[in-house]
Ligand code: AMP
């Protein structure tokens, strides 16, 4: 069902509640990477240019104690947003109360204010009460009451969670619309994957089988090939009876791995070799070994090897749709980043040949950014967990709660 969009709304003179995802890396008030803020600018600018009065909500990190609040104020984010917009952003260091209400009522057309970290509502007087994360009905109703019955959700990263600042507000207003960023996520992840141009290849990597098993299963039903790399591949290797040395291994997932391999047949594509190291260290001694020959004792597989890269490139060579989540190795260490970088470069080729390429998850996104190829791919999803759940075909509460057209 198509959801209401920003362009469907009458914004002039209206107090517009907006949920954005400004969950940026931050240390000592210094923002490590402002991608998420920049990504929300088109929707924010649209609202301001159409004379809306923007009231911004976002979470930042996790708040479990009063102490967490010291490090996780959105004040530096509001300041940075003001610099990016070239406009004053009023920051309210509260999530409710008279100061916030007065500031909202003082807003003029085209002006913007930002509310303090919504997750400050998760801790009251030192107690972990989870009012935001638990979608407390009173809180959602209160935040909704601050606006003029219009809400825009542009925070895809939290769309897989029902919180007061997304589902709570949306359920208490007349019009809840998808922001431009959210619309793009729905278009690429939802429509492309529901109706992919084929061959459709999925690439899943990262550390643990247990985190991504559901998405692997779901993708085996939808894609033509599913490539599995990264640390999770060694549990599959072990299931085949290959020696894996000290590589990452989940003993309780061996049976599942066996079952998946039996069901999927040649649809499931696994690495055929590995770069193995004698320590978890960039300068460790390394050997390249065939998976079937096994990883020697005392060594651990930290990247896919050259034969796996060639195999994966071959599988990707005629792909028309590719989704990728999770690195092929410990890409944070340059000596074990080759496999991940090779996949990033291959995706550029797929895109240049007219294919749709979609990357989700913080690590794969970091990899394509490090490569400088992010803007050569079709879509970089802003949500890791949310994009995985969407790919699994689960309804996301943050999207479901938006108004149908
Ligand atoms: P995930 O969050 O599940 O996508 O996992 C990402 C993490 O997996 C990254 O920090 C990688 O360093 C790590 N990783 C990938 N391959 C391996 C491997 N072979 N051994 C250990 N860690 C790995």
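Using the three backbone atoms N, Cα and C, a Cβ is placed for every residue, glycine included.
Residues annotated as substrate binding site in TrEMBL: 21, 22, 23, 36, 59, 60, 61, 62, 119, 161. Using a 10 Å Cβ-Cβ cutoff, residue 23 (substrate binding site) registers 21 neighbours.
In the three-state DSSP assignment, the secondary structure recorded for residue 119 (substrate binding site) is helix. Residues or ranges marked as (2R)-3-phosphoglycerate binding site by TrEMBL: 36, 119, 161.
Feature annotation from TrEMBL assigns ATP binding site to 212, 301, 332, 361, 362, 363, 364. Listed in sequence order, there are no same-chain residues at least 6 apart in sequence whose CB falls under 8 Å from the CB of residue 332 (ATP binding site).
Recorded residues residue 36 ((2R)-3-phosphoglycerate binding site) and residue 119 (substrate binding site) have their alpha carbons 18 Å apart, per Cα-Cα distance. In the three-state DSSP classification, residue 23 (substrate binding site) falls within coil. Checked against ligand 1, the binding-site residues 36, 301, 363 give 301, 363 in sequence order as having a Cβ less than 6 Å away from one of its atoms. Every protein chain shown contributes to the tally, and the Cβ of residue 119 (substrate binding site) ends up with 26 other Cβ atoms within 10 Å. For the pair residue 212 (ATP binding site) and residue 23 (substrate binding site), the Cα-Cα distance reads 23 Å.
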